[in-house]
Every structure is written in structure tokens, then in C-alpha cells.
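Here is the structure we will look at, set down as C-alpha cells.
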Amino acid sequence: MFLDIRFIVGIIGSIACMLLYAAPILTFKRVIKKASVEEYSCVPYILALFSCLTYSWYGFPVVSYGWENLTVCSISLLGVLFESTFISIYVWFAPRGKKKQVMLMASLVLAVFGMTVFLSSFSIHNQHTRKVFVGSIGLVSSISMYGSPLVAVKQVIRTKSVDFMPFYLSLFTFLTSLTWMAYGVLGRDPFIVTPNCIGSIMGILQLVVYCIYSKGKEAPKVLHDIDQNNVMKVPASHVDTNRHNP
């Protein structure tokens, strides 16, 4: 019965994740309509892609015990599809400077993921050690993903406008993180509990900031080029995030 409850929570988490993955669709409709990425950052989507790739591999029987994390694997694979699509659209409409930065970061993420798969498949023969290795990388990638909205939070505070931090994205980030944290607790899996605990906190922070600045009437300030470059850098910690992911 305990396993059944965990599976049900995993299904609920997957549904919340689908809503989170779909939330940026409105953002990218705006990007396509204006043929410009404006002040949006692609960093959260790249970090979300890394997290989805890592946790899709984490959920495979090669790493986990059997299909104990089937829901994690399935929803993460869907996340890979969504994030890859968003990044492709961003690259298409981004100016040359940003385009090069995004492609470089995406290539780095794919290289690290490829190395993770290779080492865990051929160099680590103990499954417990393999799970700890992949789970640790997934934990770091997921924490980075959930921390990426700090870029958008900073931008909201500076411009006093929530235009670049959609409400539903923040809401679904919180709900998704909370659900997957419960899933991890039920499975006693620290590699799922820890990042989603942080994700829940980040979700609450975004919602609080949104509530504070959503009534502001001041038009968004145009950032200087140097500020735009800073927005594109990986934060110390998907956004327009992304990110939410188990």
C-alpha cells in the first residue's frame, strides 16, 4: 500500500510537471510573435534540460533498482522534449551574441551528460555507487535549475515589473516541487527530496515577489547591454524557469 501511495504521488507530480513544462508556451508565443527574445534569459531552460536529462537517466533500471522511479524517468523524458523545443526557438530568434552563448552552454550540458552516462555505464559496476553518482549530479543540476529563477526575481525587483516572471510558472514551480518532495520522502530518496525542498522555497520566493510587484504600474526599464550579458550568465545557484523537475 505504501508503494501504491508513492506511485499515486508520482502521477500527481507528473501532471504538475506537465503544467510546469507547458507554462513557458505563452512566453515563446510572444517571442515568435515579436521575433525577438527581448529580455528573456535562456539559462533556466538550459539548466532545466540538464536536470531532465540527468533524472531521465537516473530513473532507468541501469541506475535505479528496477522501475522504482518509472514516473521520474517518464516525465523527465517529456521535459527533455519541451526544453529542447524552447531552446531551439530561443536560438532561432536570439541575436548573434546570445545565440553563441546559448549554443556553447547547451553543448557543455550535453557533454557533461554524455560523460555521466559513459562513466556510470562502463566505469562504475556497483549499482548503489552508480545511483549515488548519477543522483549527486542530478541533485546539483536540479538545485541549479531551481535557483535560476533568481535571475528573474532580480530583474523584477530592478524593473518593478513582473512581465518577465509569469505567475503560472512560479505557481507550478512551487506545486511541482512540493509534490516531488513528498514522492522523495515516501521513497526515502535524498536525491529527489533535497532539490525539491529547495525548489519549494524558490517557488514561495517567486510568488511573494510576484505579489509585491504585480500591482506596480511602472513600465519595465530597458537594461543596458552589460546588464543583458549578466542576465545570460549562470547564477550562483527552470526565469522564467523552468524548471521543476523531479
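Cβ atoms are placed via backbone N, Cα and C, with glycine included.
Through the fold, the transmembrane segment (6-28) approaches residues 40, 45, 70-72, 74-75, 78-79, 82-83, 86, 89-90, 166, 168-169, 172-173, 175-176, 179-180, 182-183, 186-187, 240, 242-246 of its own chain, all at least 6 residues removed from its boundaries and within a Cβ separation under 8 Å. Residues or ranges marked as transmembrane segment by TrEMBL: 6-28 (among others).
The feature transmembrane segment is assigned by TrEMBL to 40-58 (among others).
Annotation source TrEMBL lists transmembrane segment at 70-93 (among others).
Within the same chain, residues 42-43, 46-47, 49-50, 53-54, 57, 62-63, 87, 90-91, 94, 130, 133-134, 137, 232, 234 sit at least 6 positions outside the transmembrane segment (102-120) and bring their C-beta atoms closer than 8 Å to a C-beta of that stretch. Per TrEMBL, the feature transmembrane segment maps to 102-120 (among others).
As annotated by TrEMBL, transmembrane segment applies to 165-186 (among others).
The transmembrane segment annotation in TrEMBL covers 192-213 (among others).
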